[in-house]
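Structure, as structure tokens:
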Amino acid sequence: MTEEKKIDENKQGEALLLESQQGNTRKLYIESYGCQMNFSDSEIVASILAKQGYNTTQHLEEADLVLVNTCSIRDKAEQTVRKRLEKYNAVKRTNPNMKVGVLGCMAERLKSKFLEEEKIVDMVVGPDAYKDLPNLLEEVEAGRDAVNVILSKEETYGDISPVRLGGNGVTAFVSITRGCDNMCTFCVVPFTRGRERSRDPQSILSEVNDLAKKGYKEITLLGQNVDSYLWYGGGLKKDFKNASEIQRATATNFANLLDMVAMAQPHMRIRFSTSNPQDMTEDVLHSMARHKNICNYIHLPVQSGSTRILKEMNRQHTREEYMALIDKIREIIPDCAISQDMITGFPTETEEDHRDTLSLMEYVKYDFGFMFMYSERPGTMAARKLEDDIPLEVKKRRLTEIVDLQQQHSAYRTKQFVGQTLEVLIEKESKKSDQHWSGRTQYNTVAVFPKENYKVGDLVMVKVDDCTSATLLGNAINYSEAI
Ligand code: SAH
Ligand code: F3S
């Protein structure tokens, strides 16, 4: 899957619309770019601002406050946001009272520079400072610029229940960790989102239970690195001397959390993202195998198939260790779908390294993939130590080669499902036909089938008769026929 496709899936640039609260008179237009965490954070922000008298709007022209939740992961993501700011500027000329705030990773990366560089910005708020929004808005209303980019070691927003009525009412994200401690050399996230911290399992459970009560059928537990989730009764990882001390404390790790969530809501589908190969344990795989409602799908970014490049990237695994993990997954969960993130053209990448990436892909035959050209990010270790020395043409060619190979593998995986009967959760009407539903299997493959009398949110057994390269086509059948 190309970057653009991923962006389309995340509905980038579509403003969040929530149910209006009576008595609220001000209008908030909030847009999100980047990862799912940003979309989830925007719901937290909307929830905080609902208490400040704001209802959401999807019409930029009528907004009193425009917020853009931004992404810094690649230069292109930042350019997209800068273009949006130009658009806001044009609207601000006709509505001078409109205030503009930048949230998220770009806010954190550029800090007050934003106020100097982008004259239209009134407020800059980093990912850990959203609870300060009411104060910051007061500053802005008093005619002063407002900035809060302080990163926290504790903030998880566990006590804020995000308002979610903008989604499909069927699938929701629940964040379980924030930040990242991994320091992959290419990655800006540890700088923009700060240290890793885990959220109290009880607050996760109550959010999940609440979503179930509201009729949600599927949740995705979110974090930059979910497998390193660890909660020890309020303590932080740094408060413990070593791993065995942590073990002795009454800790909840990711496998325990999966068990808890899966058992609390046995009729809900559970997904999680993202897994880091270095932290994924066998316990997690056994937990997945134990609970039917945990979807057999793992997003397992690898970034490169070359051990030498992985080392340069400061990834904590070799090619061989990654392959051994793939073998383990297939042993414990034979039907598990697996997807990757891959970077091409990392500094010093040779043709041989690139071929290693292609051969690793051949080994795994990923179901899906998200592939990117290396984009140097200021302040990262790679930017400081390594020259961005792979010519754009070479990066592009290598990207095309891995995207083409991934498409072949995705098509191969999709085809394997033809003839099978699979459970599909209906999410929406098919884009191509109002006579068909579109949903996903547990493997995250899209399935399309005639509507009949089913509705959004139904879990339906679908007999797959045919497929395109990425979509299963079939017909719903009764459970009795399926068994
Ligand atoms: N652990 C995170 C990773 C976030 S970044 C998660 O939750 O998915 C998502 C992907 O963007 C990474 O896996 C990597 O493949 C890609 N990426 C990160 N920094 C990049 C850079 N500087 N250039 C190109 N791609 C990058
Ligand atoms: Fe980035 Fe590596 Fe963390 S890709 S988000 S530093 S796991």
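Backbone N, Cα and C atoms are what each Cβ position is placed from, and that goes for glycine too.
A TrEMBL annotation is a machine prediction, not a hand-curated record.
What TrEMBL lists as domain 'MTTase N-terminal' is 26-142. Mean pLDDT of the predicted structure over the domain 'MTTase N-terminal' (26-142): 93.
Residues or ranges marked as [4Fe-4S] cluster 1 binding site in TrEMBL: C35, C71, C105. In the shown protein chains, 28 other C-beta atoms lie within 10 A of the C-beta of C105 ([4Fe-4S] cluster 1 binding site). Mapped onto three states, the DSSP output places C105 ([4Fe-4S] cluster 1 binding site) in helix.
Taken from TrEMBL, the feature domain 'Radical SAM core' covers 166-413.
Under the three-state DSSP scheme, C180 ([4Fe-4S] cluster 2 binding site) falls in the coil class. If you take the C-beta of C180 ([4Fe-4S] cluster 2 binding site) and look for same-chain residues 6 or more apart in sequence within under 8 angstroms, you find C187, V189, P190, R193, E196, Q224, N225. The [4Fe-4S] cluster 2 binding site feature in TrEMBL is assigned to C180, C184, C187.
Per TrEMBL, the feature domain 'TRAM' maps to 415-478.
Once Cβ contacts within 10 Å are tallied over all protein chains shown, the binding-site residues C35, C71, C184, C187 are led by C71.
According to DSSP, the domain 'MTTase N-terminal' (26-142) comprises 62 helix, 24 strand, 31 coil.
Candidate binding-site residues: C35, C71, C105, C184. Those with a Cβ under 6 Å from ligand 2, in sequence order, are C184.
The binding-site residues near ligand 1, defined by a Cβ under 6 Å from one of its atoms, are C187, chosen from C71, C105, C184, C187. Secondary structure of the domain 'TRAM' (415-478) per DSSP (helix as H, G, I; strand as E, B; remaining residues coil): 2 helix, 35 strand, 27 coil.
Take the mean position of the Cβ atoms of C35, C71, C105, the recorded [4Fe-4S] cluster 1 site; other residues of that chain with a Cβ within 8 Å of it are Y33, G34, M37, N38, T70, S72, I73, A77, G104, M106, V189, T192. Here C105 ([4Fe-4S] cluster 1 binding site) is positioned 16 angstrom away from C184 ([4Fe-4S] cluster 2 binding site), judged by their C-alpha atoms.
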